[in-house]
Amino acid sequence: MAEQNGNQNGDGPTPPPICKRCNTNPSVINLRSEHMCGTCFDKYTRSKCIKRTETYRVRYNPPDTDTTPRRLLLPLSFGISSITLLHLLNAQLQTQLERTSRTGFVLLVMYVDESAIDPSVPTGDTSIRAVQARFPDVGEYMVAKLEGIYEFSHAVKSFEMGAAATPQQHTDWEGRLKELIAALPTPSSRMDVLQILRTRLMVELARKHACEAVLWGDTTTRLAEKTLAETAKGRGFSIPWQTADGESPFGVKFLYPLRDLLKKEVAVYVSLDLPTPLRPLCFAVPQEGEGEEGEGGRKKYAAVGKGITIDELMTQYFEGIEGQYPSIVANVVRTAGKLVTEGGVVRIGRCKICGLPRDGGGGELVLDAETKLGESSNREANGNGHGEKKEGSDMCYGCARSVHGAKTYEWPL
Amino acid sequence: MSPPLHIPASKLCESCRATRALISRPKTNQKLCKTCFLSTFEAEVHATIVSTTLFTRGSRVAIGASGGKDSTVLASVLKTLNERYDYGVEFVLLSIDEGIKGYRDDSLETVKRNAVQYGMELVIVSYEELYGWSMDSVVESIGKKGNCTYCGVFRRQALDRGAERLGINHVVTGHNADDIAETVLMNLLRGDLPRLHRCTSIITSSTSSPIARSKPLKYAYEKEIVLYALHKKLDYFSTECIYSPEAFRGSARTLIKALEKVRPSAILDIVRSGEAFSRMIPSQAQASSAKLSQESGMSNCTRCGYLTSQELCKACTLLDCLNKNRPKMAVEVEAGIEDEEASSSLRRGMEAMKLAEEGIVN
Ligand SMILES: [Zn+2]
Ligand SMILES: [Zn+2]
Ligand SMILES: [Zn+2]
Ligand SMILES: [Zn+2]
């Protein structure tokens with residue numbers, strides 16, 4: 001956090017410059033070349049979030065017919081972003097209560113316990129209690145287990161790669177999840193599929209608990225990372241569905257209220273005295289460490305096995321870009337925001353894995369160059385006796401890539 | 001077919017199962033023998049050409065030949081495929097002499113040998129004859145900084161003029177999958193929707209140029225192009241342009257290479273995403289503002305006759321600067337450059353962003 005004091009000239013001992021907004025307090029951050037004090041930066045941050053959640057102001061009757069507060073799901077990872085988002089929404093609720101004695105929304109704060117795939121991860125009970133103690137009035141708090149995704153297998157659609165082996169019919173969800181993750185070929189695939197499982201679990205939980213929207217904690221930086229990472233995974237077609245505010249193809253709204261804040265700004269924000277810093281609540285980030293982690297420790301959990309993943313690579317890339325060229329980060333997100341999905345949601349079938357409307361299908365261009373380009377007939381020769389040629393036909397291109405070469409597995413949804 | 005006993009099954013070519021595998025394909029990690037690698041590479045280029053009906057029988061097509069690995073491999077593969085599949089196309093080599101001593105003069109010698117090796121006609125168009133300026137003299141006048149802008153504008157027009165001279169309206173270039181993937185990422189980073197819209201098209205015919213450009217190697221990995229040249233023992237020139245040293249390899253290139261290491265298919269996957277993007281850009285955002293102003297219509301440059309949306313074409317504008325020695329103009333012209341040459345335009349892109357970031361230009 002070299003920029004915490006906003007002192008870009010590196011002249012350490014000189015006092016920090018004065019805030020350009022109030023002209024009174026010392027600056028704590030050089031915000032896109034404007035010095036700001038803690039109070040002004042707090043105001044700035046709050047306004048950015050309010051602007052993006054305007055739909056959830058208090059409703060009146062008339063003109064609104066239904067004035068009950070809307071239920072919103074907030075996935076909490078204990079990273080700096082989701083904790084900041086929770087704090088900002090809490091502040092918004094306080095303001096609504098003070099002004100109208102009513103609120104426009106109520107939160108369901110949800111932590112996903114991933115200890116099934118990484119035993120070193122805390123189950124979240126104590127952490128969530130600490131957060132609840134700080135923000136007791138926002139709504140409900142819950143912990144869901146990642147393997148809970150199996151609760152939502154609509155009908156029984158066990159899905160197998162290759163007909164040779166039948167997966168053992170685990171009754172325990174934890175074992176099935178472990179088996180699924182272990183079947184994936186690379187760290188990139190595992191991280192990718194885990195991210196998909198988290199998203200789909202949140203969607204299912206939002207539906208189950210009658211939430212009309214999921215409020216994701218992604219910052220501008222995180223959205224830019226996601227845009228490039230999904231591009232690199234061949235999922236360019238789905239970027240609007242993964243980064244845009246509004247109706248998602250899952251029938252639940254997605255909102256990214258921190259989309260106008262850079263990750264490095266949020267990193268400064270959690271250390272502000274507001275009056276108490278948020279930082280101690282960010283349990284997924286090493287305390288007092290290099291806590292650059294945006295959506296909470298995700299990469300740590302997901303990097304099972306060795307080797308950097310595509311998502312991690314993008315995180316690193318944008319750490320560099322964010323420091324030198326913050327406007328490029330915003331550029332990427334703005335560009336992604338201008339893309340429109342082809343033919344909308346109803347065009348073709350859904351991808352079995354990510355649940356999004358499929359693009360042309362996995363094998364169309366090059367599932368691997370053997371499939372379409374160049375040689376096409378060395379399947380048998382590859383030793384996998386069971387006909388793989390259908391691989392990917394019910395998936396989008398990106399998911400087909402991610403599970404290409406996976407061992408037999410069972411998909412939960 | 002049972003494999004020869006002296007080669008363990010694990011060492012056999014995964015395609016023919018008859019010969020020892022020598023090459024691990026960068027694109028797929030497939031282990032292949034030399035013959036199978038070469039034929040797979042060729043078959044993929046052929047598949048690209050056929051699926052996009054890139055060529056028509058009886059046409060003449062110019063290969064933009066620099067003597068470097070990409071265009072040399074392109075010429076060699078096109079010759080092979082033309083004969084093997086009877087495309088009925090007449091390929092001609094078209095080279096630009098930028099006038100860079102110790103670089104272009106040497107690489108042109110390579111192209112001249114290629115012309116003999118492949119039995120293709122060769123036409124060389126020089127900046128000197130077209131513009132009265134060689135790049136050496138441009139650099140002497142304005143210095144090394146920004147000279148790639150001049151070179152890019154000049155090259156595009158020179159290729160067009162060379163093609164015109166040959167009576168050809170289709171130029172193929174050696175852009176490979178890495179170049180295209182890099183362009184996709186750069187256009188995302190720059191937020192350049194018009195370029196994002198067209199950078200993955202196999203063939204681009206632009207209103208600002210009468211000549212169509214295409215990229216038959218758009219799915220070919222740079223690493224495989226090098227392997228192909230190596231195993232085919234192709235005669236190519238491998239020195240980087242002395243005015244655009246290795247440093248220009250921007251961060252997007254580095255990122256592509258890192259991604260390729262993590263997942264070899266990533267380069268193709270980015271191209272795939274880029275192809276999706278081109279269909280996801282609303283039509284009003286597809287044209288650049290420079291192109292919108294062309295609703296008044298493209299006309300001919302009042303000085304040289306080249307197609308332009310302005311009174312003077314970009315080359316003539318730059319020449320004015322050179323002749324008056326006012327190099328500062330270059331920055332203003334930059335914004336409208338239509339040149340698709342990955343390396344130089346991308347580098348300018350990064351330079352422009354850097355300048356914008358530093359508050360030097362808007
Ligand atoms: Zn202030
Ligand atoms: Zn999918
Ligand atoms: Zn072979
Ligand atoms: Zn002109």
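Using the three backbone atoms N, Cα and C, a Cβ is placed for every residue, glycine included.
Matching B:Ile96, B:Ile100, B:Ile142, B:Ile203 to the ATP binding residues that TrEMBL gives (B:Gly64, B:Ala65, B:Ser66, B:Asp70, B:Gly174, B:Asp179) identifies B:Ile96. Annotation for B:Gly64 (ATP binding site): same-chain Cβ neighbours under 8 Å, separated by at least 6 residues, are B:Ser71, B:Leu94, B:Ser95, B:Ile96, B:Leu159, B:Val171, B:Val172, B:Thr173, B:Gly174. Filtering B:Gly64, B:Ser66, B:Ile96, B:Gly174, B:Asp179 by Cβ distance to ligand 3 (under 6 A) retains none of these binding-site residues. The 6 Å Cβ screen around ligand 4 retains nothing from the binding-site residues B:Gly64, B:Ser66, B:Asp179. DSSP assigns B:Gly174 (ATP binding site) to coil in the three-state reduction, outside any helix or strand. Broken down with DSSP, the domain 'Cytoplasmic tRNA 2-thiolation protein 1 C-terminal' (B:300-330) shows 13 helix, 3 strand, 15 coil.
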